[in-house]
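Asker: Below you will find the structure I want to go over with you.
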Amino acid sequence: MKSRVILSHRERRDKDNNKDIICDYTQIETMERKPFEVERTTTTEDHKPYSAVDGGGSDLTSTVDSFDDEQKKLVYRGWKVMPFIIGNETFEKIGIIGTLSNLLVYLTHVFNLKKYTAATIINAFSGTINFGTFIAAFLCDTYFGRYKTLSVAVIACFLGSFAILLTAAVPGLHPTPCGSKSSCQGPSGGQIAFLLMGLGLLVVGAGGIRPCNLAFGADQFNPKSESGKKGINSFFNWYFFTFTFAQVISLTLVVYIQSNVSWSIGLSIPVGLMFLACVIFFAGHKLYVKVKASGSPLAGIARVIAAAIKKRGLKQVKQPWLELYNHIPRNYANLPLKYTDQFRFLDKAAIKTPEDKLTSDGTASDPWTLCTMQQVEEVKCIVRVIPIWFACAIYYLAISIQMTYPVFQAQQSDTRLGSRGFKIPPATYVVFLMSSMTVFIIIYDRVLVPSLRRVTGLETGITLLQRIGAGIFFAVLSLLVSGFVEERRRSIALTKPTLGMEPRTGEISSMSAMWLIPQLALSGIAEAFAAIGQMEFYYKQFPENMRSFAGSIFYVGAGVSSYLASFLISIVHRSTAHSPSGNWLAEDLNEGKLDYFYFMLTGLLVVNMAYFLLMAKFYRYKVSTDNVISVIETSEEETKQQQQVKNSV
């Protein structure tokens, strides 16, 4: 492993962009260091990496040395603590998903809510959880750290699951069962309040776990050693494996018990698993590396914007890569970024005027009027991501709909499997989305990437934005197929003999529910492209001290999509309720026009895909000065070899 110390300036040419890039180097010294494998201490200590938003410090040499000294105080146990973290992750995911996956059916069958009301509640609930991840990431990075945040979150998840169980087990906490009655008694205010209390606890728990758990697991590996880097990559793979595994178990075994055996027994399984998750997580508390909160990076963003506004009347400097203020703070947490000429109005925040004063260590005395070029470039990274994030939020609308209405379609379709008449629970059909996603990830990694690598020359086969764009395309296909399948299901139900009556809905179409698999499989392929691509994209494009926010912004986008889905469902239901063609989202799908709703969403996502392609065309990936250093070192090595050949001749 090499540690590079930057001393001054050098001018190099960026061959990829055909532009002259002035980089802050003239001399680069490299010194060999052995990978740090065995720490000096025998007890785990907290550490607090320095963030650019906080100011203070010296040059980059002291930054490297101070950071290395800080690393030596830590005991990274890596895979030794993974049984606690991955075990907690597995049971926690099965517990949460086991409670929420069949919640749509639970609200309609146990709480006697109408379909559109239940779908609206589910989408709003999912959106609140996803928005909660942003709040949790802020509290985690600013005040509590990941361990404390996760401690509160796992307990809240257990209590929320237990509250949902009580609504099924205690007769007074849910309405009187309907049976085969056409009209049913709805829940009382107290019953709804207790249900919302349980859902609120799940919001606190899931909102805290989602942005912190992945980063907390990665904290256990030494990022400076080769074994630690490999461990982090393997941990990401195991994380997504446990996530998919938990979904498959929840959508098959747990949902079957809830739908066919007993709601009380089915909901008690997630409660028991959540209790095990708590026990496993706290059992390893003495072994974890616990990163302290390093201060909110949102303050740095606010300072750059405020300083740029205050200095909006200043003229741009001619050579911003040289003339902008760029003091390197001590214990700097983020990689130094190369100057970019986008969003140049933000550059004014780093223009030093006679009124700007510096302290004895070189930092700005008022960080709200003078920021570093590095801080400005970090804000630019975030600004570039926002248009892409918006397109991805609209994309997730397709996934939100595919997680709800196919369940209703399955309820009014033939769910029998085989000659023995075994029926697949309607909520279980969503497992085909997860299964196709899991299978396609393997195909993508083992088949498509090597093939594309030979064509494009890229290590990843295609770029991250190309991967996200492919996911949006498959999402459009899934909605289009959904519309045709629903049109066929309704036509068969209205023109051919039915299989009976679904209570409080309508006639059951003789079309096999297996015809729902293509739309769900396409949605799974879309997620394999777009969801994983998004998480990797945000993780790599955000500054290093905003990794928790990078994890949360994915879920915030999904939350925006859930609220948008609730809004569209409500608008379409109200606007078509009295139309001549009938209510598109009627309680009885045979009397509705769900296929029209699917086609409307298809058109919306086509427009969104065009917008995404336009934004992706102008996007610039984050480039650190480490990349330029590698180019310089390679060029110097080639020059030395050419000189040696010349001398020998």
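The backbone N, Cα and C atoms fix where each Cβ goes, glycine too.
Feature table excerpt (TrEMBL):
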TRANSMEM  94-112  transmembrane segment
TRANSMEM  118-140  transmembrane segment
TRANSMEM  152-172  transmembrane segment
TRANSMEM  192-216  transmembrane segment
TRANSMEM  236-257  transmembrane segment
TRANSMEM  263-284  transmembrane segment
TRANSMEM  382-404  transmembrane segment
TRANSMEM  424-444  transmembrane segment
TRANSMEM  464-485  transmembrane segment
TRANSMEM  513-532  transmembrane segment
TRANSMEM  553-576  transmembrane segment
TRANSMEM  596-614  transmembrane segment
Asker: With pairs closer than 6 in sequence left out, are the transmembrane segment (513-532) and the transmembrane segment (424-444) joined by 3 or more CB pairs under 8 Å?
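Answerer: Taking Cβ pairs at least 6 residues apart, the transmembrane segment (513-532) and the transmembrane segment (424-444) are in contact, with 3 or more under 8 Å.
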Asker: Counting Cβ pairs closer than 8 Å, which of 118-140, 382-404, 464-485, 596-614 has the most of them with the transmembrane segment (553-576)?
Answerer: 118-140
Asker: Among 382-404, 464-485, 596-614, which stretch has the highest count of C-beta pairs below 8 Å with the transmembrane segment (118-140)?
Answerer: 382-404
